[in-house]
Amino acid sequence: MNKNIVILGTQWGDEGKGKVVDCLTKDSSYVVRYQGGHNAGHTLVVNDKKIILHLIPSGLLHKNVIGIIANGVVVSPFELIKEIKMLETHNIFVHKRLFISNSSPLILQYHIEMDIAREKKLGISALGTTGRGIGPAYEDKIARRALRIGDLKNEKTLSIRLEKIVNYYNHQLVSFYKHKPVDYKIILRDLLPTIDLIYDMIKDTTSILHTAIQSNKKIIFEGAQGSFLDIDHGTYPYVTSSNSTIGGVITGTGVGSKSLDYILGVTKAYSTRVGYGPFPTELFDDVDKHFSKKGHEFGSTTGRKRRTGWLDAVALCRSVRINSLSGLCITKLDVLDGLYEIKICTAYKNINTLEIISFPDIDEWKNIEPIYETYPGWNKKTLGIKKLIDLPYEARNYINRIEEITQIPVDIISTGPDRSDIIFVRDIFFIKK
């Protein structure tokens, strides 16, 4: 029996991980966020109500589940409290079942101002960040100057350290970026009231998880972003500032690899990307319009239109290897309904040398042309279908081809936005390792 399951994105984020986490967590005891911050955007549709979570684990919509924001996550206490209050409007109360690692770095106003100032300075070369301070917060962590959640428990020490960090940031903001300074006193004034609201949630979450594992509890590890936004394995420098691949689970929670039983890779039936960076299968035609309209392809965090393209199996296969995936979940299959033909990119070709490239260096991407296989589409609606056998033959053929190319099984298929629009090909809790 698989007790501990990792759910991560195989593309550039926005794969639909939140819904999958929500569906699987109903049978679990814990759900854990292990990297990223409130730059993530997990959209859930429950009883026709849309709920968007940026920081709190998606599985907390189930009232029997305990949520963990682990040490690999950078936390804005203001955004956290905002989400807690938003959930309360849906009669979901998490105060007594959400725990935050005392080691999680804080995101504060100076991180946001630095993020904005840098993007402005870069101009047309900007990376397209969310402007929420994620990168600068991770920089502080690596430079060993970060304020962490645990620091909120000592107001005197917090005040002293905060003033030093603000002085450090203001020197750069004013002198180099010609940006407005931040006010240490205002940051402290705004921060202090948040402490009482989250004080009891601050814990040694690694110990909580170790105890849960020893007690044979089921744990879902919820990834944010996608594999090709990973700081090490993504399309650098157009990446996020954390490890969104499998390594982020281990370092971001303190749970060792032997305790991970099954790794589920979530991929859309096509491809999308928000912001700048390489995207070999990108479309600019009527199919792009079809994906955007039918798939509602606008970022849940930024509101930006997502770039769309055909499924990139070259990238997907690389993600399978990097993450040691056990199986796949294909989402938004219903968005392909009504297309005359469907394509899968199976290789990259350098347009100058005609050489087949496995995975390009950053300077090579601009010379890459996708090589496609083409398959017939289908007219029958797949929206809401719950059994594999009920899918159109062409849709099943498409799924089979993805399995052949990636050499791992497709265990889950999402056929619509609601939590009930899903096909469980296999029960991943009971697949033998």
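Placed from the backbone N, Cα and C atoms, the Cβ positions cover glycine too.
When Thr130, Thr157, Thr251, Thr253 are compared with the IMP site residues Asp14, Glu15, Gly16, Lys17, Asn39, Ala40, Gly41, His42, Arg144, Gln225, Thr240, Arg304 in Swiss-Prot, the one appearing in that site is Thr130. For Gly16 (GTP binding site), the recorded positions whose C-alpha atoms fall inside a 10 Å radius of its own C-alpha are His42, out of Asn39, His42, Arg304, Arg306. Neighbour list (Gln225 (IMP binding site), Cβ cut-off 8 Å, at least 6 residues apart, same chain): Gly9, Trp12, Gly13, Gln35, Gly36, Asn39, Ala40, Thr240, Ser242, Ser244.
According to its DSSP assignment, Gln225 (IMP binding site) is coil.
Here is what falls inside 10 Å of the CA of Asp14 (IMP binding site) among the recorded positions His42, Gly303, Lys305, Thr415: His42. According to DSSP, Lys19 (GTP binding site) is assigned to a helical segment. In sequence order, Ala269, Thr382, Leu391, Ala395, Ile399, Ile413, Ser414, Thr415 are the residues of the chain that are 6 or more apart from Leu333 (GTP binding site) and have a CB within less than 8 Å of its CB. Here the binding residues for IMP are Asp14, Glu15, Gly16, Lys17, Asn39, Ala40, Gly41, His42, Thr130, Arg144, Gln225, Thr240, Arg304. Their largest Cα to Cα distance works out to 34 Å.
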